[in-house]
Structures are given as C-alpha cells and as structure tokens.
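So the structure is just underneath, and the comments pick up after that.
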C-alpha cells in the first residue's frame, strides 16, 4: 500500500476513507475536511478519530462539565484547576498534593486482570506528569450480583490486577469501595485513584513551549496494544459483533512503570523538563496534539524514530497505539544529553522524536514524507461539542412513588435481630478484607489509616506529621432515584468520611459513570448529577480539580445505575490527631450526631430484605454536612473523641457493628424515647456520624455541639462482648463477626 | 497412558514483560545474538483411555476455557508421540512448527 501523504491526500480528494469504522460520524468527518481544506490523510484520520472520541473529547459531557468551573467555590488551596493532567491542592508547609480518579471500565470487563492493572498504571502516570511522587492509590469498584457466575470471573481478575500492579510499584492501596448490583453485570466499574505529593515549586504542566526544544518519547516500546481502544471500546456499546473488532489488550508492566517513575522524578529534580505528558488513551496522538495545543508554537515529529515492539506497525497504528508505560517530555536542546543519560541509568528507552517549532501546525513525517499537517488545537481542544437532548425518563415518577416506607418491617426484637444479621452479612455491607487484604496497604510506612477506615490517610511529612486523607463514595441506587440528590449524597458521604478521620476536606475529583449519552433518559441523569455535584461543591467550598467521564456503560438498552463516584481529599496537620473508627475503650459514651428521619428509599435494608429500589433517597442538607464536618474536625484536634464512624448504607446499626468489630468491644444501645427502633437502626438519613466520647470529655463535647447547633444524642456505651439494643435484642460479637467476615471468602475464596 | 500437550503462548501482538526481562538479561550474562524472547506455558496432560477425537475435543475445550486466556493467549493441542518424547528430553532441540 502506498503511503497516504499530505500531498497524496490533496491529489486524491475522493478516495474512500474508513471514518465510520473508526467511530466518526458523517458530520464529524465533513468537519475534519473543512478544517484541513482537503481530505485527511490516513494518519490524520486516525488522530482525529481517537481524539474526537467520547472518551477523549468529552463531546457529550462538556456542556455539563463546564459548571464545575463556573460554579467553582473560591478556594485558596487550589493551585492548579481543571484541565491539566490532574488538579493540584495546597496542603500547607510548602507541600502540594495532586489526585485524580479515572475509569478503566470497559478494558476490565474484557480482560479483568490487565484492564484493572493498566487502570492503576494510567492514573499513576497522570499524577507523575504533574511533577508529583505517587504516594497512594485507591480503587472504587462495582460488580454485578455477587453470586453471578460472571462476577466470579471478573472480580478475582480485577482484584489481582490492582494488587499485582500496585504492589509491584510499591504503592499502598489505602481504600476505595466494592459494591455489587445486578445493573453492573455486563459493565463492571473499575475506577482508579492516585494521590501524589510534591513541593509547590515542582509543579509541572503539560505544554510544549520554546521553538527548538526537543520532543522526547521515553518508556516502553510502542506495540499494537489497544489500537482504537478509546474510540471503539470506550465510546460505543458492546454488541454481538464486538469481538472481531476488539483491539489487542494492553498489558501492563509495573516494573517498567517503577523505572519510569524514578527516572521522571530525577529529570524533574535536575530541572530538565519544560513540559510533560503521559501517554494514555489515544497514545501519541493525544500526547503530541495536547502538548502542542497547550504550548505557544507548533511541533514537528519524525514518527519513524519511535521505538517499536513490532516493526510491521503502520504510522496510523503507531499514532493510535495505547502501549503502556510511556511518557513524552519537552526538553531544551542543551539538556537533552543529560536527560538521555538519566534515562539510560534507569534502563528506560528514550528517543528524540521531534521538536517544537515556531509555526502553528502539528507536522508528522514518516521516513521524510509528511503524513500529518494539522492545527493541533482542532485535534486536542476544539473537538465536536454536542448538546445532546435530554429528558426525564417516564419511569422516574413511578420509581419515586414506589415508596420504601410501605415495605413490611420487622415487628419484634427477634425479627429485627435476624434482619440486622442479614444486612451485616450481605455482600455490600460485609467485610471487604478478602479484597483489600490482597493489596499492600502499608508499604512505604506512611499509611496511618486504610480500609476499612472511613478514609485512607497517609503521612507526607515525617517531622511535622502532616498528612492527607482521601475517601471515595458513590451510591448508584440513590442516584437512580434522584440523580441531583444522589450526586450530592455521594459528595456528602465522601466529605463526611474525610472529616470523620479528622482531616479538613479541601477539594474533589470525580469519576462519572453513566450509560449511553444517546439515550435522552441517561443524558438527563448525567445533566442532573453534574448540576447536583457542581451546586454541592459550591455549598461545601470544595472545588472540582478534575476527573473523568465514562459513558456507554450499558448492555443493549439497559444502562447501569447512574454512578457518580466522588473522591474528597482532605488535609490533617498532624496524623497523630487522626480519629479511627474502632470502639477501642470500654465505658466510652456513644453519641449520634445529626438528625434521624424515616428515610429508607434506596437503603441497604430495602435491598437486602426486600430486593426493592424505589422512593426518594435521603434528604440532602449540605449546611448540616459542613457543620458536622467542623465538629468532627474540632473534636479530633482537641482530643474530645476517640472514635468516629460516618453513617451511610446500613444506617446506625451497620456503623456500630463495624466499629465494635474493629475495636473488639461490644456496645449497649438505647433507643431514644419516641423513636421507632427499626428506623433508629436502619434509616439512612444523611449528615450523621456516631462518635465514642471519653467520659471526661462528655461535657466539653456536648457543650460544643450545643453551642454550634448540632444535635448530639447519647445513644449508648461501649461495653461487653455483644451489640445489644435494649429492649430489642442482643447479638454476640462472635456471631456478628462470623456473619460479617464469612460472606466474601465464601463467594470468591 | 497417552500424553497430550497444550502449549499456551501470548498472542504475538500482546506485550510480554517476562519475555522482555529474559531478553534483557541474556546479554548481561554473555549470551549475544538473541533478537527476541517470548515466554509461554506448557501443560502435559496424561489422558486416561484412548486419545480419540472425543478426548481431543475435550482437551481443546479445557484449553479454551481454562488453561488459556483466549483474550490474550493462543494455544495449540497435540498428542505427544514417542519420538517427541525423545526430542524434548534429550539434548537436541525439539523443533516443532
């Protein structure tokens, strides 16, 4: 086949091109022709097709995501906002923290181990590209029904992929979530988060400036991995004709990534880098066009200099390849030798593949012939934008009218006891240690809190004890019932989780997992959820620093529950002041903070006992969340509480059982007068936490709550070897532990 | 008892980090002239009863569903004859297509 050069393209305007196969729509192809004033070459078409895919261009979500910027709260802590590889937050004492959560859903369904592993690798490189040393990872996961045969294929693969990659890198995995629901059967959600730390002066941005500066590709060789992964895989629905078109699965190599991390941090330290970008989805197409687009000039690349794993790859394939463990740096000519020397020391292949020019075009050559000549902004930042139609689904009213309050409730203490055991043992509420035990949680020696604690926490300065805490939350059931409220509840829970450990929430990242944007009902869910999240962030004063959108999570016509996952990052001045969740001291008093209303819509109880989803999710009160957060942080700082646990799915009883099992102590609970015991135990009202208060601090603590107007109700005491609800039932810790811990090993062990 | 051998290899386009690690180690140990290394797995199955078409079909099925991950790996199934046995245990290389 003859090389499709720019010249050749101009001479053969009518040559048929496979734009549809590459996932482009007719009008998009026409637009490319209009931009270039001719038909694109094969290489140009390849670049546009991957960069204009849903995954890279956010073409369906962009109009809604703008709110995160427009409604961003004023926040001095934000050093770098949305748009870069990851946002950066001021952690104090000269430290900056960067974090981001991303999806790797579709690859993880096809090849669970490698899909999940490369998800970790990708997010780690994003953090690295900001100039930060990655210090921890977390993985929010969603699978189909726990007892479905395919879950037995997907879950163990995903878990060992995350563990395999993260453990080899030497990064602690400090938290995340695992949720089971039949709606994720054909579309598991594998989200990956990474946190990195640097000094303020070390922040690096992705742009190519300064004519004459060299473009260096370093890391692994380029192979046929994941060609078209973003355009075909992440941007279309699976159908029965899928397998033939499926691209080669990307395989991760964590040891190569470890070298890449150390090598990159060393070139940063010696100040050898002008701009940098990791290679992820859309590979070199993305890195070159984004670097050039964000910089001041153009760029010229000699594509035949790219080191290949498979010499038969065509230029189009090289541009689209998603081979892992690669980075692209912009380096001043005088610093190139030193840069290459450092790469060689780390056994990392590095090649000068081009240079920054003073033109305005991205020009790519193949053995001296020009195959790409495009304005880089049209590829990277000025892709199509769709105002997709959206409409509230017809079934929404019926769903909300199907109130969980009418479900039969336990009538006796004995029935209540049985249902508590069932909820505690249900896959969603049960202990996740079978999973998190496969991750290295304490490597590097800075982890002070990890799963099952409310948030993961790592120390970032050994002398002062400065630390960061991160929690991720999302509740697809709530969001299905009311997308606006559901997104805010995810934010509120994550915020509460961070505050419960004593850290001050500063900023958020989000991973928005939804069905097909071509379905107006799904688009409505997306619009409502983003609006809710943006309004929520404004109310809580926590800006969105970045994140990721994953659409087309559906099988046939059935979309997953809308699942916005929210990661909140907080800072704690001294990790020694942290609040754990364990009820460790007998005799301490248990206080329930916040108001308990009868709120059962979307609850764990309604799912486990009645397999029911309907009604409205718990009411959202963000002012209350903020107040609760302030109380939890002050109480932690001043030593007024010894334990705290946020209340979410499963309600008060789930939280008390978890804290009791964690501390090895029982608790006696007293149902407050006038409260229905069932509602007291199982309601999922938001804005609540349970805390253990030493008797000597009781007065000080209740005075503080009273003065600031936060309801604090004494509901019991840490005591004995069982969880007892007075007048209702008593459950020995041993029985609870057996129920709580046996479920996952029985399913997957 | 007859032996059926299932060889499992990563598909050619799939990255093989283990093979690469071996390849990088070779020159360090003084073995020059190797341009590429791919590492695979070999299963030796001792089959009870005759190795007829039905038995081979069964082995094929177990290879496809369990021994190999066909998303990223290819496999071959063959019956090992006496001649092969000599070749694979001796010092000569057992060349097979």
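The backbone N, Cα and C atoms fix where each Cβ goes, and this holds for glycine too.
Going by what TrEMBL states, the substrate site holds A:103, A:104, A:105, A:106, A:125, A:250, A:322, A:323, A:324, and the candidate of A:516, A:550, A:603 recorded there is A:550.
For the domain 'Phosphoribosylformylglycinamidine synthase linker' (A:21-59), the residues of the chain that approach it from at least six positions outside its boundaries are 4-6, 8-10, 12-15, 65, 228, 230-232, 234-236, 281-283, 285-286, 289, 303, 314-317, 319-320, 364, 366, 371-375, 378-380, 383-386, 517, 549-552, judged by C-beta separation under 8 angstroms. Look at residue A:55 (active site): DSSP puts it in a helix. Secondary structure at residue A:102 (Mg(2+) 1 binding site), as computed by DSSP, is strand.
Long-range Cβ proximity for residue A:548 (Mg(2+) 1 binding site), meaning a same-chain Cβ under 8 A and a gap of 6 or more residues, is found for A:100, A:101, A:102, A:103, A:510, A:511, A:512.
With respect to their backbone Cα atoms, residue A:55 (active site) and residue A:104 (active site, proton acceptor) stand 11 Å from each other.
The average pLDDT computed for the domain 'Phosphoribosylformylglycinamidine synthase linker' (A:21-59) is 93. DSSP classifies residue A:548 (Mg(2+) 1 binding site) as strand under the three-state reduction. Using DSSP to sort the residues of the domain 'PurM-like N-terminal' (A:453-572) gives these counts of helix, strand and coil: 45 helix, 42 strand, 33 coil.
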